Amino acid sequence: MAEHLASIFGTEKDRVNCPFYFKIGACRHGDRCSRLHNRPTISPTLLLSNMYQRPDMITPGVDAQGQPIDPRKIQEHFEDFYEDIFEELGKFGEIESLNVCDNLADHMIGNVYVQFREEDQAAAALQALQGRFYSGRPIIADFSPVTDFREATCRQFEENNCNRGGYCNFMHVKVIGRELRRKLFGRYRRYRGSRSRSRSASPRHRRDKEPRERSKDRDRDRDRDRDRDHRDRNGRRHERYDRDKDSGSRRKHGSPKRSRSPPPAREGSEERRARIEQWNREKEDKE
C-alpha cells in the first residue's frame, strides 16, 4: 500500500495531494482546493507571487490608455525587471534558474520562481525579503515545492502550439535574450571553471607585478627557453659557455679546447744562485 501511494504521489491519481501545487507551486483553487497543498518548510526554490507587472496586463499588446505597445518595448521592460531581480537575489547565493510566468490566470500571472544552488541560500533570501516592497507593492515570498521545471513548464507553449493560451495551468515561461542570459548566468560558469583549473597566476596578477619582478620573470623564461633549444637528441643538457679558469674569458660551445702546458715549478734560492753562476761561467768562456 505504501509503495502504491508513493508511486502516485503528486499525480492525477493522487486523491489526497494536489498535483498542480506539487508541480507548479500554485493552484487555481487556492485554499479552497479539495486536496492538500503540502507547503515545504525548506526548499532551494522560492516563489514570489504575482511580482512581475507587465505593461500590457489588462489587454495583451495594449497599454492602460488603449494605445498599442511595441513588442520590443515590452521585451525591454521585462528584461530590465529580470536583471534587477537577478542582481538583487544573487546577493544571497548562486542562482540555478530564474523563471517568470507569462500566464494570465490569477494564481500564476507574474509569478517569479528563483531556484538557488543551496537551500540555506534560499532561506537567507526569504528572510531578507520579508516586509520588503517592489515598485510600491509588497513582495509575497514563500518556499516552493518546484525543483524540476521540466515538469512544470508547458511543452506546447515551448513549441508555439498551446491552444489554452495564457490561461494554461502549466508555466508559460517568458524568455530573455541570449546576451542577457550570457551576462547573468555566465559569471557562474567562469567561477566554476576557475576553481577546476590549477592555481596559476592570473594575467591580471602578472600584470600587477612590479617592473623588477616582471624583468626577472622574463629573464628566467628566456634562460629556460635557451636551455631547451640546446638539448641534444639524447636529452642531455649542454652548457652554452665554458669558462676559462685563468683568464676568465668565455669560449663558445663547440670550439676546440686549447692545450695549455702546466706552469713551471717555482725555483728555490739555491737553485737560482747555481743557475746565475752557470750563466756567468758561460759568458766568461765566450769572451
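In case you wondered, yes, glycine gets a Cβ from its N, Cα and C as well.
Automatic prediction, not curation, is the source of TrEMBL annotations.
The domain 'C3H1-type' annotation in TrEMBL covers 12-40 (among others). Model confidence over the domain 'C3H1-type' (12-40) is summarised by a mean pLDDT of 86.
The DSSP breakdown of the zinc finger (12-40), given as helix, strand and coil counts, is 9 helix, 2 strand, 18 coil. The zinc finger annotation in TrEMBL covers 12-40 (among others).
The domain 'RRM' annotation in TrEMBL covers 44-146.
Summarising the annotation, TrEMBL assigns domain 'C3H1-type' to 148-175 (among others).
Among the features that TrEMBL reports, zinc finger is placed at 148-175 (among others). Break the zinc finger (148-175) down by DSSP state and the numbers are 11 helix, 3 strand, 14 coil.
Feature annotation from TrEMBL assigns compositional bias 'Basic residues' to 191-207 (among others).
Residues or ranges marked as region 'Disordered' in TrEMBL: 191-287.
According to TrEMBL, the feature compositional bias 'Basic and acidic residues' maps to 208-232 (among others).
The compositional bias 'Basic and acidic residues' annotation in TrEMBL covers 239-249 (among others).
Under the heading compositional bias 'Basic residues', TrEMBL lists 250-260 (among others).
Feature annotation from TrEMBL assigns compositional bias 'Basic and acidic residues' to 267-287 (among others).
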State the residues, same chain only, that lie 6 or more residues beyond the ends of the zinc finger (148-175) and have a CB under 8 A from a CB inside it; answer 'none' if no residue qualifies.
20, 23-25, 28, 60, 78, 97, 99-105, 108, 113, 115
Using DSSP, break the domain 'RRM' (44-146) down into helix, strand and coil residues and give each count.
33 helix, 26 strand, 44 coil
